[in-house]
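Report on one structure; see the data block that follows.
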Amino acid sequence: MPPATGGGLAESELRPRRGRCGPQAARAAGRDVAAEAVARSPKRPAWGSRRFEAAGWWALLALVTLLSFATRFHRLDEPPHICWREVQRTEESSPKGFSSFCLFFSPQMLIGLAGYLSGYDGTFLFQKPGDKYEHHSYMGMRGFCAFLGSWLVPFAYLTVLDLSKSLSAALLTAALLTFDTGCLTLSQYILLDPILMFFIMAAMLSMVKYNSCADRPFSAPWWFWLSLTGVSLAGALGVKFVGLFIILQVGLNTIADLWYLFGDLSLSLVTVGKHLTARVLCLIVLPLALYTATFAVHFMVLSKSGPGDGFFSSAFQARLSGNNLHNASIPEHLAYGSVITVKNLRMAIGYLHSHRHLYPEGIGARQQQVTTYLHKDYNNLWIIKKHNTNSDPLDPSFPVEFVRHGDIIRLEHKETSRNLHSHYHEAPMTRKHYQVTGYGINGTGDSNDFWRIEVVNRKFGNRIKVLRSRIRFIHLVTGCVLGSSGKVLPKWGWEQLEVTCTPYLKETLNSIWNVEDHINPKLPNISLDVLQPSFPEILLESHMVMIRGNSGLKPKDNEFTSKPWHWPINYQGLRFSGVNDTDFRVYLLGNPVVWWLNLLSIALYLLSGSIIAVAMQRGARLPAEVAGLSQVLLRGGGQVLLGWTLHYFPFFLMGRVLYFHHYFPAMLFSSMLTGILWDTLLRLCAWGLASWPLARGIHVAGILSLLLGTAYSFYLFHPLAYGMVGPLAQDPQSPMAGLRWLDSWDF
């Protein structure tokens, strides 16, 4: 049964639980005082019969949901070309390559499935923003994201309704999100953000719902909402690692809840143990199982070679059909005389490479260039030899001698017969690193060609396995470590990546390699199936690659990066489509009225919440109505403020490139805080002016003013989301000229 539309609770819900003591008693009493005050508040009139109340409750929820869907699906087909990151998300989700491996996981699979079911055949080449879709079906994928984005409003509405027991607070929250141009824009395109925010809000709503069932533990609704919380947490983390923030919020709520239960002396330790077990099962085991299952499905379905191959290790690539390592047979252990390729373990660094071109004058010693190269090439081939002999190890008269951890070796470039070499000359681009070159004639060089090969975390004497061993090359004379800086060389280096010898011996992925291709006619071949990693290993590697991929992101042309302090003040938006006055322009920018009201609300909440908390801590005797509203403000508002904090401040600690859209999960929480805060403050004002004849109208007038102001601001700024054509806002003739309130807005 839905709650009373006036916000009150049923009489049975107002009755305190028996046997409470200590913190649990205070907690229950706080809820009861709040509920009683809400129920008694003269500002929340009764609607009459329970049936009429329920009908009104469902009608308002239906209206909120319908308005959300209408705004998100309006003009969804425009513009009919690629916008911003649709080129990335749609290419990765292409049903044509639905079995090809990609870097990202379940979200792209869902988008790809939506495209497949809606008739998209995967033949469109996603090259750059602005390319027209023409006859290709894209509406299914946009519609899927818009569908999930449309649920953010009713989810927020229900969350605030449960936290505040106030329809007006819930309606205000729904209006803020419905009429925000930023949320609307993000929901209309093929992006991960609406999927992420859907699961975040679903987890938040489920958590609040199972908290409200605390007086009916282990009942069917309690189990349902607890389990749904776990499912939503798995979904949020499966979309982006930002889902960790909502996991942290649910975790903190669970710890507090268990702590209060532990202080309830009416509960036996067996009962407390049951509560703990239930939360472990639903909030830890269930999400982990679902999260792992999505990766298992991903690895089974996307089993072919694809654009994501180069991000992963050689052993990982060996399991992908169509990759040159798939079903290959090569010798397992490295031996002298073997022809090999050496691959750097850092993502997108590539293979150790050399060619006949020399370093130019003034760039260290004028010797043969050594670089890393991302593609298969004959110039990636090296012969591994002993450091102190030029005899041919492949001579049938010589026995096979395996390379072992700690051996001193030479690497001879197969195509040019020059040795891998280093010396004290400075590297071409990285200061304090040494230059790496190809040196010598027909394998004859000097002592600067000698390297000690080491296997990470192994003992001296161990054999070196192809694909699986993680190795380092230590230069014998200088003591430096062979690595790649990842810096792109100028045109004289063919824009390949710099290889250096670093004197810093710390183990980093830049200086760790593995042997990939391995040719030695004297050794028996084994199938690489034997060397393929296990599921836990590929699961771990995929996560490491995703983490490195996020940290290594670089902005594309015409993309505006931003800083976290820009976001709450709506300082700068993002161009989704179009640049000049002849283009169809879409500009991601929050509704300034909504965003600045949210920012003001955070400040007001911190001030008013602090005053109320201090007064209550000092034992101030508050009237029942004020005490109840204060509990709503502190508990309900505190919960969403915690969500805003957890989804915003961690970005200040991140070293990766950041964009404006990263703030939107936090914006959802700030909008819910605004709804709770202003509803409570207006009720407190009405209570304080109860002797005034028009006091009853203060709350209604205030809420209506906020609703109408938000709707009117949407009317003014809606072209940002639905599209603009014509003069830019800098032009006085532009219809948007008067709306460019900040110079940093570029629409």
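A Cβ is built for glycine as well, from the same backbone N, Cα and C atoms used for every other residue.
Note: TrEMBL annotation is automatic and uncurated.
Look at TrEMBL and you will find 1-26 tagged as region 'Disordered'. Annotated transmembrane segment per TrEMBL: 55-76, 97-119, 139-160, 223-248, 280-301, 593-614, 666-686, 698-717, in sequence order. Residues or ranges marked as domain 'MIR' by TrEMBL: 331-387, 400-456, 461-518.
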Remote residues contacting the transmembrane segment (666-686) - C-beta distance under 8 A, at least 6 residues beyond either end: 41, 43, 152, 156, 159-160, 163-164, 166, 168-174, 176-177, 180, 182-183, 197, 200-201, 567-568, 590, 594-595, 597-599, 601-602, 604-605, 608, 626, 629, 632-633, 636-637, 640-641, 643-644, 647-648, 695-696, 698-699, 702-703, 706
Message: Out of 139-160, 223-248, 280-301, 593-614, what stretch is closest in contact terms to the transmembrane segment (698-717), meaning most Cβ pairs under 8 angstroms?
response: 593-614
Message: So, taking each listed stretch (139-160, 280-301, 593-614) in turn and counting its Cβ pairs to the transmembrane segment (223-248) that are under 8 angstroms, which one gives the highest count?
response: 280-301
Task: Could you tell me what the rest of the chain brings near the transmembrane segment (139-160), counting residues at least six beyond its ends with Cβ under 8 Å?
output: 61, 64-65, 67-69, 72-73, 76-77, 90, 93, 110-111, 114-115, 117-120, 166, 169-171, 173-174, 177-178, 183, 186-191, 194-195, 197-198, 201-202, 204-205, 208, 636, 640, 668, 671-672, 675-676
Message: Quick check on the domain 'MIR' (331-387): DSSP residue counts for helix, strand, coil, in that order please.
response: 3 helix, 27 strand, 27 coil
